[in-house]
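**Q** Just lifted these from Swiss-Prot, have a look:
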MOTIF     121-132  motif ''HIGH' region'
BINDING   121, 122, 123, 132, 332, 336, 360  L-arginine binding site
REGION    469-483  region 'Interaction with tRNA'
């Protein structure tokens, strides 16, 4: 309503279409100075305005017609500022939330567009550890956001389920495997087997190296040279059998894969994550043959001591990329090429996002460059969503921490904190479930507090606090709003007299609620969860300030009903934001 009025008047003054001017209107942070502002230079992208921006701002301010909506116009540098009817603004915001409820702030901008989000993607032979947490929750946040904005969204888990390490795993399982332990916890057991066999293989390699050094130095070797195939040789041969379609080798590999996926799904359920497709490197073997031939036909392959490489040194200085080993087996990037083509042909997409750590930046630059050289025009529709590392996640001995252990530990710690308030604890229907949700909220919000591309320090004590900017604090704010509704003695009245919300705290809370659509757009444009998290903390703080003075209990009915609507709207928006972040908003805690 207010932005539309501003756009309408500016359209007359500039002869720029009102809907284009709407894109340039910003909500201000300093409400004492203005409620909305238009940076005049931004208008130049639609039409070259004659005159200096600061002079134009002064000129436009003098010509704005004041009315029920616009109550003041002024210029500050290149900005044209507007003061609006705040009482009317509060009413309009709350009426929109009443009408749209959880859909407030959401648009249908994604209608008719299909996106694939590939995320989480653990390696079956390696632990599902804390490092996978960021990819999993960032990808889940993106899927939730895209769904809210009407995109057709495909969530994909591209399992690392192919490569020489599976040969190594098969060799290791034959030697160290336990059926009982495999069925009890396939992920942990396969990891332990992998560590054991890999350690043994490394000792063999060290012995070979030592033998060669002793011979070169002309001394008697301390141990004879191993003449039987090494563990790595056996693993390579096993993987070659897999690539050649050997039924026995594939049956063992498939069993490891299937059991691992069942366990992964348990963990994903706790994380509130669901995948439409469980894909994997193994599923693109046929496509690899076709794409490899295309690389040959386009003369992109070069021989390098029996292996095949692609030269990407010009123009982007991306070096030479190995795409086939001397024994004819493929590499990760070869499978990524085939996977991208397969998805475009068989699923289709307008955009595809890879949510993978920033250590893989160079890999994705190489992948996208190769696809471009193969003349795949849709290569421009691929985006690598990178992120920094989580520090402080290893044990004191430097060993890896499993993600499930982190979730169990946060749940246990949260349960202990909850038990400190016996009265509230007794009111909770399923305390273990609630502790799990609050624990997950602590982990997720600590992660999302940091900018996506930054490293951050994992801090158990800080993240579990119910005060300060933490996950438990946001859940507490939501639960408190639910409690206020239950205990107020009033019902939600959509026709409440909202003109009674005249206090500064009511204005501040309503205006914060009204910023949600803008925040959603900013979050979508940046694909940055910290933007949404920062806003939710602002909203929770505004609610807390309002609680101090805007009471409902024992107030006059009309005033109480208006305040009830204000708090109800805050609850709707807070809940909406938490759900986009992948969290279940709690009603009691």
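Just so it is clear, glycine is given a Cβ too, placed from its N, Cα and C backbone atoms.
As the structure is a computational prediction, the values presented were derived from the model and not from experiment.
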**Q** Do any residues, 6 or more residues outside the motif ''HIGH' region' (121-132), come within under 8 Å Cβ-to-Cβ of it, and if so which ones?
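**A** Non-local partners: 157-161, 165-166, 168-169, 187-188, 190-191, 194, 256-257, 260, 264, 267, 356-357, 389-390, 393, 400-404, 406, 458.
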**Q** 122, 123, 132, 332: which of these binding-site residues has the sparsest Cβ neighbourhood within 10 Å?
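**A** So among 122, 123, 132, 332, the binding-site residues given, the one with the fewest Cβ atoms within 10 Å is 332.
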**Q** Rank the binding-site residues 121, 360 by the number of other Cβ atoms within 10 Å of each Cβ and report the first-ranked residue.
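**A** The residue with the densest Cβ neighbourhood is 121.
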**Q** On the DSSP side of things, how many residues of the motif ''HIGH' region' (121-132) fall into helix, strand and coil, could you say?
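**A** Per DSSP, the residues of the motif ''HIGH' region' (121-132) fall into 2 helix, 2 strand, 8 coil.
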**Q** For the region 'Interaction with tRNA' (469-483), jot down how many residues DSSP puts in helix, in strand and in coil.
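**A** The counts are 13 helix, 0 strand, 2 coil.
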**Q** For residue 332 (L-arginine binding site), what is the secondary structure by DSSP, using just helix, strand and coil?
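**A** Looking at the DSSP assignment, residue 332 (L-arginine binding site) belongs to a helix.
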**Q** Just how many other Cβ atoms lie inside 10 Å of the Cβ on residue 336 (L-arginine binding site)?
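**A** The answer is 20.
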**Q** Can you give me the average pLDDT across the motif ''HIGH' region' (121-132), rounded to a whole number?
**A** 76
